[in-house]
């Protein structure tokens, strides 16, 4: 041990920095692998029967489908995670990676998601989508990065304040324009038709003073059968977006293709003809009651404040560390200290211990917010409908209802299904 300590202290500072970053990166990976092993071996492989408390709400067939889906996802995550860790190690040594994540995305979409009935994309759609994402990302990332580097260069001793303000403005602008100008490049958004559901949504929004201006339905079923709902907008211009897969009456996956339609629709029909998915109107309202609870309880604002406080702290620490030549030397830059390389080294690698701790704390906070939003929906009288909606959504998305407690604590930003149902149960019975 003494010899090892002597060897460590004899290493140059830049080598100690490099080794510390590398060791921590692998330590995090091994921890994640340990948690995944607990969840996969102790839960997915051994829990083969529906727990007694779920006997009335989940049938054996759905439970088994969910178990196999999560088992495949877990196996895939292990190998993709191992690849990413090895790739990260190579990047640390060479700062170069010729391999992208495209093969993993293809496998996840056309093997894992396809096998379990979620994928609705063709190969052509996938690559068209990937190209559009690349182009849009570069159109945003290149000018933003260039301006950020310029601000850092000319900002003087207080550049971190100007850099933080710049990223704050950029993030607010992107949040503002995303749903109206960026998201429609990838998916079709249509106004929710006039009718009972729209009237009920508007009435509920008005009852809690939510400044709703529009309600959209997005054709998520062209991409995946997973479902979602969200709201966006600032001040008095709030809008709600519902995935068509969330709505039982609107989901394309619940409709039989018209006679004479092309082969692609026939293929979709063959994959989904036995699958009835989505929620009834009352359940959709309960889900929205939960989502609007996040707004009413200030969760959205709190998350923005936490995010910006973290951003400011990171830029401040970056300003402190960017002048340390040992950091650049540790990654092979002995004679120059490029600002872009400094951003990559410090934000991606040096901050990794802090990021892990922050991520865990935010996960804990997120679960607390989810319970509070469920409680808000209960106050709106939606406990019974939210209870049934959570069961349906878990079934539609093949969510596995049993979790290892450490895995759940570390990874799940939403409480496990059984915990949420238990919290709703008393109000439901009332």
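Note that Cβ sites are derived from N, Cα and C of the backbone, with glycine treated the same way.
No curator has checked TrEMBL annotations; they are predicted automatically.
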Checking 48-69, 70-91, 92-113, 158-179 against TrEMBL, the stretch recorded as transmembrane segment is 158-179
Matching range for TrEMBL feature annotation, transmembrane segment, among 134-152, 191-209 | 134-152
What range among 243-265, 266-288, 312-334 does TrEMBL record as transmembrane segment?
-> 312-334
Cβ within 8 Å of the Zn(2+) site's Cβ centroid: which residues qualify beyond 290, 294, 370?
-> 291, 293, 299, 369, 372, 373, 374, 376, 377
Model confidence for the domain 'Peptidase M48' (191-426), as mean pLDDT, reads 82
Could you tally the C-beta atoms, other than its own, that fall within 10 angstroms of the C-beta of residue 294 (Zn(2+) binding site)?
-> 20
Pairwise Cα distance for residue 294 (Zn(2+) binding site)/residue 374 (active site, proton donor) [Å, integer] = 9
Ordered by sequence, the long-range same-chain Cβ contacts of residue 374 (active site, proton donor) under 8 Å (at least 6 apart) are 290, 293, 386, 420, 423, 424
